[in-house]
Amino acid sequence: MKRLINQQPSKAGKWLLGALPFILILLVYVVASNERLAVNPNDKLMPSFEAFGHAIHMMAFEPSKRTGDYLLWADTLASLQRLGIGVGISALISLIVGILIGIIPLMRAGFAPVVTVISLVPPLAILPILFIIFGLGEVAKITLIVLGITPFLIRDVQLRVMALPEELIIKAQTLGASTWQLIVRVILPQILPKLIDAVRLSLGSAWLFLIAAEAISATEGLGYRIFLVRRYLAMDVILPYVVWITLLAFLTDYLLRRLSLYAFPWQQNEGGAK
Amino acid sequence: MNNIELKKLWKEYGDNVVLENINLTVKAGEFITLVGASGCGKTTFLKMLLGTEKPSRGQLLLDGDPIRDEPDADRGIVFQRYSVFPHLNVIENVMLGVELGESRLLGRCFGSKRRKVRAQAQEMLELVGLGHVAKQYPTSLSGGMQQRLAIAQALIKQPKVLLLDEPFGALDPGIRSDMHALILDIWQKTGITIFMITHDLTEGFYLGTRLLVFDKHRIDPDNPNRYGASITFDIPVADTRKSTLDDISNTMKQKQETL
């Protein structure tokens, strides 16, 4: 028998092992839910799968009686829009600032300390300030996402730029590159896939800030809905929403990874995006 | 013509003397090999030629003018590794130098200009024997091929001096001798001045027209950094270029005529 560290699962075994925890969680839920419902058929904490199906049908495939919208899709669209704009702005800012303070020592001396300090401010603590300044509309929510993840992204980009081999920077100069040319022809193309990696890592926080902002002030959105129906202990809506958010997060991550491999084929032998 | 001149050149970091009082004149077209124990300052010497280090005292002249204290297109470089850009394919790596010169804003050429640059780069690739892999990315090439690419990339800017920092140190012996043939061929075709650091004394003797040994003249056992290294041997080797032979016969002829 080989040592445990040298035993590799077969392909089928890998799938089976991967699926096992999910099956176990489902099983535990079904058993517990059945027990509770047997004692009290009106139990709201652990609804049956039938109740889930009903709730999903109502949220996703029937227009709301009050607004006429299909709530799940309206919520999804609103949330994804906020998330997309927020993350997009953050990525753009961090790309520009991160590259500048990563490669230009004068910029680094000027801006790195302030970025470090800003990154230490807990974003949720300044959410009330954002609501006061920007009102309760979209701007405050998007600003929270931007403030929440941009400092992390800037520092990541800066470190990635500084980690580029010195040799490449010198080589570019011996080919006659100016600072600007060095940035657009050497640094930018090498940093873009790393920015995508950093964005993938920051998406978790982005969702956190989005849902926090929606919970406090919104009229639609996935986070808003969850906190709204919480008042009615509507676990049959909350749990499918949570699963849906998880699925969306997984899909965004997957798409970003595919984008990175597709747009930057040169990193395939480099141990880049995995 | 004198290409590079060093006059009473010193390099110190605080109390640590790395190089002391180096005087050297290098003619255009010489192939200088630099050998010495590690830490003897030959890399510092190369960095000063490159412009990433500044001499503490003394003069370093390129074609009679003080050398710029930052890297520029006058001096091409090939490092032991990380010499080529992983995000550009082979031919784009070679095109880059020309494109940077042609387009200040984008560093990128389009249309007919691009085709011209591409043709020029392809020619350079053929010279180093990489014509058949123009579309591949550097990471898919072997170490020897990556170094060939790095050389082609540096040469397309037609630098006055080519600096090689142990360029073949990481290669297998067989590949290494191919690279020797290549660099000698290029040197003979272009007549470029080459400085090459090597750990391999045989390589130094075989390739160079002039072998410089860096070592310390004096050693203070209580304070090893008190004295710096200088050039302890300056050996003319294997200079078989026609121009040198002509030089010699010319001088001899002149001498004969005056006698």
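Here the Cβ of each residue, glycine as well, is placed from N, Cα and C on the backbone.
The feature transmembrane segment is assigned by TrEMBL to A:12-32 (among others).
Per TrEMBL, domain 'ABC transmembrane type-1' is recorded for A:80-256.
Per TrEMBL, the feature transmembrane segment maps to A:83-104 (among others).
Residues 97, 100-101, 140, 143-144, 147-148, 151-152, 154-155, 158, 209, 212-213, 216-217 of the same chain lie 6 or more positions beyond the ends of the transmembrane segment (A:111-133) yet place their CB under 8 Å from a CB of it. Taken from TrEMBL, the feature transmembrane segment covers A:111-133 (among others).
If you look up TrEMBL, you'll see A:198-218 (among others) marked as transmembrane segment. Only residues 6 or more beyond the boundaries of the transmembrane segment (A:198-218), in the same chain, are considered here, and those with a CB under 8 A from a CB of the stretch are 78-79, 82-83, 86-87, 90-91, 94, 123-124, 127, 131, 136, 140-141, 144-145, 148-149, 152-153, 156-157, 160, 224, 226-227, 245, 249, 252-253, 256-257.
Same-chain neighbours of the transmembrane segment (A:238-256): 47, 52, 55-56, 59, 72, 75-76, 80, 196, 199-200, 203-204, 207, 211, 222, 225-226, 229-230, counting only residues six or more beyond its ends whose CB sits under 8 Å from a CB of the stretch. Sequence annotations record features per position, and here TrEMBL assigns transmembrane segment to A:238-256 (among others).
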Long-range environment of the transmembrane segment (A:83-104) - Cβ separation under 8 angstroms, sequence gap at least 6: 110-112, 115, 141-146, 149-150, 153-162, 169, 179, 182-183, 187-188, 191-192, 195, 198-199, 202-203, 206-207, 209-210
